[in-house]
Structure formats: structure tokens, C-alpha cells
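As written in TrEMBL, here are the features:
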COMPBIAS  1-31  compositional bias 'Low complexity'
REGION    1-35  region 'Disordered'
TRANSMEM  122-145  transmembrane segment
DOMAIN    122-528  domain 'Major facilitator superfamily (MFS) profile'
TRANSMEM  157-180  transmembrane segment
TRANSMEM  187-207  transmembrane segment
TRANSMEM  213-237  transmembrane segment
TRANSMEM  249-274  transmembrane segment
TRANSMEM  280-299  transmembrane segment
TRANSMEM  342-363  transmembrane segment
TRANSMEM  383-404  transmembrane segment
TRANSMEM  416-435  transmembrane segment
TRANSMEM  441-461  transmembrane segment
TRANSMEM  473-497  transmembrane segment
TRANSMEM  503-523  transmembrane segment
């Protein structure tokens, strides 16, 4: 502690914590007090914030003086020097409250107040691209109704068209994850967005050309989008500390789910106003606009960013090993599949994708078939659950981070979130058979989807827990398994509806899968690192 008096009877008081936080910059871990004997005013800066009492005002520039004052101790300016040359005293005196007040009067506090963290910029860009990723999928789910009417597609063939996206998605997930681990998520995500935007633009042309061309273009679309989740997983692990990762996933996935809302609401308006071709062209153009910003603003790793502060980099890197993999080899697939915790994540993704794609692909058709709700109304009913899902996903992530910071075991937090994410939707789907109105059905689907978003704080993050160095690769494996399940469920729903004339039988199968996977996950999942 040092106290240095100035001729104006003002004193500057600097204290520096001896805790581990003292390694951080003064604006984070130190405090400075300024008092005026005549005006009895005080100011205190603690943890980067300002608290002002009286008339005096102070700028963050004053914190730089702490490095000089810290070398002195004593009272009334009669200090004993702990270290440094005679220039230290002169440097300390220059940091009097008189000089501080002059700088503040020039209004420097407001200008130096806030700097946006680089990881926040990465998160915003990821949320936007995940929004576009899902919006480009959903435009086909909305447009498929008029397309089926135009070309005379049966329910079973409509299911094949809907699932063709997943054929390419199945292939690219593992490769995309491996490439993201080795070359970074930025490049892989950029390539994926460019290709899926092009495929989106070409979809109506392909439908008009031939059914074979349509299926090929939709498979290309899925091939490009298959890299999105592994790339996102890799980037979030590299850019965020463990205490913020669940919230970051929640925000990124909120963008993904809002893509449903935007596309479900905007697509019918565009379709009815200017046509099918223009609807696909609109969403494709948004993808290319995002791509131009992404290539200039983001880096693969925070250590490569020219704009990141040292304090933010230290926060991100705390407790992490070196994850750069340019010269590393991927582990054998047999090794990854030999551990029960890996299978708990794989099966969780299977159940999650099974239910998710059933609702994503068939919700507009469900409302039209069961409740005879027209396309525009179906879009509103279909969009509301995804909007609530975006909010609940963030709540799940923030709650998960809070519990971990409060001392709860990470394994228990992951299991709790995953249990909510599966049992809640299962019960809601079983209750759907009792819905007599489209409003009641929309409420139950909203509950099912909003609770399923808790899986984001369950198995999704668990992949990073057990295999931090190979998170993209393992995520690609789980995504491929989940995609295979999604293909079966999407096609199976079409055949069930055609054979039995009801959606409920398949929803019951989906609920049973949710229950069984919850049991397996709670028995075998762990948040301890398994793969090194």
C-alpha cells in the first residue's frame, strides 16, 4: 500500500492485490482511491469499473501510475522505496490527483470505457452463420408444399426429397470435423457456407430440370452444411474459456434456431409475393454477404488474432493445452469407438437428430394434414416453437455455466441437462395425440423443442469434455450417426403417414427412443477427459 501526498492536500492511494488475480492488468485486479481533504470526495476503481463520490472524476489512464506508486510505502509522502531508481518518486508525484482531475475534465473516461472482446465478435459471426445454415434448410421445408403440388409428388417421394439433404450431410460431417481440427474452423466454415449458398440458389432450377437433378443439388447442399457443427464446436472450444462455453454454445445455437423462425415466416411471404426462385435466391445472397465479412474479421485461433488483448488471451487460454494440430495425427476410429462415454454422446446425437428432423421436415405438413391449416398459418405455428427454443437454449447454457461456477460436478451438470433435453420432449410428444386444436398442438411442440435445446448443454458440450483435442473429429462422427438416424426418421415418417394415415405412431416411436437414450447416457457419460 502506498500513500503519496500532493501540495494541494489531495492524496492518491494505490492498492494492489496479492492474489493470483494480481497478474492481470491493473484495470482488472487493482483498485485506486483518490481523496480530497477539502471537498471530502472519493473515487474508487475496482475490477475495471468506476465508482465516483463527490465531484472528482478520474480516467483509466491513472491506472498506469500504479506501476510507479506500487514501489513506495509510508505516510504523508515520507515513503521508503522498495525498489527502483530515484526517478520513481518524480513519477509517483506526477500521478497526483490534480493531474488526474485535469485529464478527466477533458472527458477521457467515456472514450476509454468499453472495448468489445474479440471472442464476442467471433460468437456473433457464428450465430449469424448458424442462423443462415438453418434458414437455408427450412426454405425447402416451406417450399416443398407448392413444389409437391406443382410436380405431383406423393407423400413417400416427398420424404425422399426432404431426406436428400441428409445424404451429403452424412458424408461430410466426419471429414469436416477432421479438417476443422487440423486446419481450423474458419476455413472449413467459409468453404461450407459458400457451397451451401450456391446449392440453395440452384435448388428451384434443379427441381424444374428433373427429380434426379433436384436430389443431387440437395445432396450437395447437405454435403456443405455437414461441416457447420464440427467447425462451430472447434471454434468455440478454441475461443472460449470453460466457464463461458455453455453460454457460447447457447447463443450460437440460438442463432441456429432463429433461422427456423426467420425462414418459416419470411419464406411464405416471398413465395406468394415474387415466386419460388426468388425465395431461394434471397437466402443464398445472405450467405455470400456473410462470407465476405467472415473472411476478413475472424481467425482460426485467438493466438493468431492481431486485435485480441493480452488479458483476453490469458483468460481464454487458462487451463488449456496446445490444441494446434497442424503436425498431429487423428486417432484411430476404432480407438474412439472403444469407450462408453463416446457412445453416450453418439447415441444422444442419434436420438436428438431423430426427433429434431422429424419436427423440422414435417411440421408444416403436419399442421396442413391434421388441422387443415393453410401454408401461411402453418408457418406461424411452425415458427413459434423454434423461437422459444432459441431462448431456452441460452437459458440452459447460462444455467449450466452458473452451476459449474458454483461448484457442481461437471459430469452431474451434463447429465442433468441431457435428461431434461430428452425426457421433456418425450412426454410432450406422447401428449400430442390428445391435442384437439392447432393451438394446443403448437404449445406441445413448443414445449418439446424448447426442452430438447437443453441437450446443447449436455452431449454437445460433453464431446469437448472427453476429447478436447479431437472435438471436431468426434463431433463429426456423432453427427454422421445422428444424420443416418435423421434420414431414417424423415423417410420413415412419410411412409408411416402413407400407410397408417397418422403421425402419432411415429411420434410414439420417437418418444421411446428419447427414454432409452436418457438411461444409457446417465449410466455411461462423464465429463472427464477420455482421449488425450
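Cβ from N, Cα, C; glycine included.
Tertiary neighbourhood of the transmembrane segment (441-461): same-chain residues 233, 245-246, 249-250, 253, 257, 344-345, 348-349, 352, 355-356, 359, 363, 366-367, 370-371, 381, 384-386, 388-393, 396-397, 399-400, 413-415, 417-425, 428-429, 431-432, 435, 478, 521, 525, selected by CB-CB distance under 8 Å and a gap of 6+ residues from either end. Within its own chain, the transmembrane segment (122-145) has Cβ neighbours under 8 Å at 158, 161-162, 165, 189, 193, 196-197, 200, 203-204, 218, 221, 225, 228, 232, 235-236, 239-240, 248, 251-260, 262-264, 267-268, 271, 276, 279-280, 283-284, 286-287, 290, 293-294, 297-298, 360-361, 363-365, 368, 375, 379, counting only residues six or more beyond its boundaries. The transmembrane segment (157-180) shares more Cβ pairs under 8 Å with 473-497 than with any other stretch in the list 280-299, 342-363, 416-435, 473-497. Counting Cβ pairs under 8 Å that are 6 or more residues apart, the transmembrane segment (187-207) and the transmembrane segment (280-299) reach 3 or more and are in contact. For the transmembrane segment (503-523), the most Cβ-contacting stretch among 213-237, 342-363, 383-404 is 342-363 (pairs under 8 Å). Listed as Cβ neighbours of the transmembrane segment (416-435) (distance under 8 Å, sequence separation of 6 or more from its ends, same chain) are residues 348, 351-352, 355, 396, 399-400, 441, 443-445, 447-449, 451-459, 462, 504, 507-508, 510-512, 514-515, 517-518, 521-522, 525. Across the candidate stretches 280-299, 342-363, 383-404, 473-497, the maximum count of CB pairs under 8 A to the transmembrane segment (249-274) is reached by 383-404. The stretches the transmembrane segment (342-363) and the transmembrane segment (473-497) are in mutual contact, each linked to the other by at least three Cβ pairs under 8 Å (pairs 6 or more apart in sequence). Note on the transmembrane segment (213-237): residues 122, 126, 129-130, 133, 136-137, 140, 160-161, 164-173, 175-177, 179-181, 184-186, 188-189, 191-196, 199-200, 202-203, 206-207, 245, 248-249, 252, 300, 323, 460, 463-464, 468, 471-473, 475-476, 479, 483 of its chain, located 6 or more positions outside it, place their CB under 8 angstroms from a CB of the stretch. Residues 242-251, 253-258, 260-261, 264-265, 359, 363, 410, 413-414, 417, 420-421, 442, 445-446, 448-454, 456-457, 461 of the same chain sit 6 or more residues outside the transmembrane segment (383-404) yet have a Cβ under 8 Å from a Cβ within it.
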